[in-house]
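Features reported for this protein in Swiss-Prot:
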- Cys234-Cys236: disulfide bond (DISULFID)
- Cys267-Cys270: disulfide bond (DISULFID)
Amino acid sequence: MNQTAINRADARTRFIFDDMPVRGLHVRLENVWQHIVKQKNYPAAIRCALGELLAAGVLLSGNLKNEGTLIVQVQGQGKLKMLVAEATSDRTVRATARWDETAEIADDESLGDLLGGNGVFVLTLQPKDGEPWQGVVPLEGGSIAQMLVNYMKRSEQLDTHIALSASDEAAGGLLVQRLPEEVLDEEAWEHVSTLARTLTAEELAELDAQHVLYRLFHETPPRVFEPETFESSCTCSRGKVSDMLLMLGGEEVGGVVAEQGSIEVDCDFCHSKYVFDETDVNALFGEDVVGVAKGLPRHTVQ
């Protein structure tokens, strides 16, 4: 293993085996993860699942071929309604969850139980240039990691091992995968994947890439590339909220403001608040939509 410094707190590290067609990615997010969990009072079981999904999003975004955003979601109909994590080609991330805050959730409650047994996994690619793409598959397997392995077997048809973990302090992930269109004997793949499976959840959350890769592969060390660091950053803005209000239409938005005096939109990720009063809404639509909702004659505004 080369001596590239790979102990950064919020980093994705690529590695490849020169003597066999196997590649891998390691992710450990510390400061980023701690910033995200401070945004809401997540129950322990949901916090753990969200951290795993965040690590998964950063792992999968390592395969983005173009600039854009990768969004991974887990949706259900139980106590947990949604987990969502985003990772961009600019190496920023954000994540959040929605759940029934009146429900009692045990610290060790399984993902399947949280989702009500009918969960789905949604992966969305939003390129900066081009059309978005989305894939949806049912939740199969008892964990986010197994769900992703099943998804990648279907979509890429490549042998893949994924491990995910999250604690209060950090979220971590490991992906090991056969290279496409390369011949690899089963014994070599079984050797690498078996070693990868010996990594514990505690080690994955606590250890940086250098220690993880030495712990697993010190007898057949991979070539390690320069780490890619990540930061927490929300992409919400007043302009995006304005676009959303325009999509809702003047009749609906004007009606809310006529009744309540203003309309307030909270960002689920960073909890920024965007308030639009009567003047703001009328200017946005270019006419007195609030007045119309109050029964006044329709007229434009400057």
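Just so you know, glycine gets a Cβ as well, placed from its N, Cα and C.
Given the structure is predicted, the values throughout are model-derived calculations rather than measurements.
Features recorded in Swiss-Prot, as mapped to the structure shown.
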residue: Cys234; record: disulfide bond; CB count, 10 Å: 17
residue: Cys236; record: disulfide bond; CB count, 10 Å: 17
residue: Cys267; record: disulfide bond; CB count, 10 Å: 18
residue: Cys270; record: disulfide bond; CB count, 10 Å: 16
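If you measure from the Cα atom of Cys236 (disulfide bond) to that of Cys270 (disulfide bond), you get 8 Å.
A straight line from the CA of Cys267 (disulfide bond) to the CA of Cys234 (disulfide bond) spans 9 Å. Separation of the C-alpha atoms of Cys270 (disulfide bond) and Cys234 (disulfide bond): 6 Å, rounded to the nearest whole number.
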